Every structure is written in C-alpha cells, then in structure tokens.
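Undergrad: Sequence annotations record features per position, and here Swiss-Prot assigns S-adenosyl-L-methionine binding site to 114, 133, 134, 135, 136, 137, 138.
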C-alpha cells in the first residue's frame, strides 16, 4: 500500500509512522509513506497558506493554491494518481471500523490534514471522502489522520503477528471485545474466570460471546442496531435486559 499525507507539520506525522505496527509494515516493505509539507508549494511571497474568509467570520481558512499544487506533486510521483483522497475534516463522516476495512482494500490513499479554522470549499473538489475522528475539536488533522492510518494498516495481510487478532478486536464483529486475562491466575485476590481455565473451547466461546454482548449493551448499545446477531445472541440480550425479580 502507498499512503501520502499532506500536512503543515510533517514531523508530527513522520515520527509516529515509524513506530509500532505501521513502522513494521514500512520496514517489511508492505507500506510506503510519503509526507508532503504543502506550505512548500505556496506561491505567496511570505509562504502563507491561509487567509481571511469572504463574508467575515472568525479564524483563517486554508487557501486552495498550495494544496492543489501539492496534490499535483503527489500525482507526479504516483503515475498521475492521488489514489483515494481523504480530507480530515470535523464536518465529515465519522470514522469507524467499517471505513478502516474499506480503506485497507485500496492500493493508494492520500490524507489531507487541515489546520486553522477550516478549508476553502474548493479544496473539497479534490477529495473522495471527508472524514472526522469524532465529535470533538483538536488543533489539526494530523493526529486524526495517524489514527485512521493505524486502524487501516493493521488490517493489511500479514501485518499482525496473529491473523486472528484483527478479527477478534472490538468493532470487527460489530461488538465490543470480550474481557481477556493472562498470567497469573490469581493476582492480589483478583482471579481469572474459571471457564477460561477449563479447556472447554465451546464453553469458552459461549462465555466470550455473552461477555461481548453484555459489554456492548452496557457501553455502546447503538452498535447492536447494526451488529450481525444470531437468534442465540438475541435471546442472551433479552435475558440481560430482563430485570431480576
């Protein structure tokens, strides 16, 4: 996979990308990342990339020229292609696991990271997706883009040590992940559930599914609306929602 990132703060992106899973993917030659400082493409004599909005208003907007020219550079380095272009924007669709799975199918992704008050609307003619990390405000798009990149790259083939890790993660099944334990069996009186020590994998799977449903119902009931639930799952949920008499 090839990923391009357009940003005003390349160091915010370059350093984290060479750590952990994403860094291993780069080292293994399964991922190639280029980071472009679009300020370098400003034709303004002062190198400005922002200006006041027409009609008034607080803050400054990113001007189209530097980003358009930076995208031309990306095209020149990638056989005249920018791949699938993602604008990191608080007004976009909220990022989720399904979107990460969709991105992981692409050969080339380009992320545009904003700053200041927002973008000149004409910049959006360059993009395929406008994506937000959530309903909160951060200073720029770099941290959000890094999160999306990490969530996407870990889904690529042969990136994780255990191929089942990505499948078992929270949200991959539409539910939150079940509780997990490791050694020791008893830590300061806090014991591992006996079912996990039984060796009965059928019962363990049942316990994990029930715990996953229980956690999702308590913390993210909205996920149950789109999760693929079996008749057994629905019965478990009915029992969980029935108060003890």
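Easy rule for this one: first residue shown is 1, then count along the chain.
Glycine residues also receive a Cβ, built from the backbone N, Cα and C atoms like all the rest.
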Undergrad: Hey, of the binding-site residues listed (133, 137, 138), which one tops the CB count within 10 A?
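TA: The residue with the densest Cβ neighbourhood is 133.
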Undergrad: Relative to the Cβ position of residue 136 (S-adenosyl-L-methionine binding site), how many further Cβ atoms are located within 10 Å?
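TA: For residue 136 (S-adenosyl-L-methionine binding site), the count of other Cβ atoms within 10 Å is 7.
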Undergrad: May I ask which residues of the same chain, at least 6 positions away in sequence, place their Cβ under 8 angstroms from the Cβ of residue 114 (S-adenosyl-L-methionine binding site)?
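TA: When sequence neighbours closer than 6 are ignored, residue 114 (S-adenosyl-L-methionine binding site) has 62, 87, 88, 89, 140, 141 within Cβ distance under 8 Å.
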Undergrad: Ranked by the number of other Cβ atoms within 10 Å of their own Cβ, which of the binding-site residues 134, 135 ranks first?
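TA: Selected residue: 134.
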Undergrad: Rounded to a whole number, what is the top Cα to Cα distance in Å among the residues the record ties to S-adenosyl-L-methionine, namely 114, 133, 134, 135, 136, 137, 138?
TA: 16
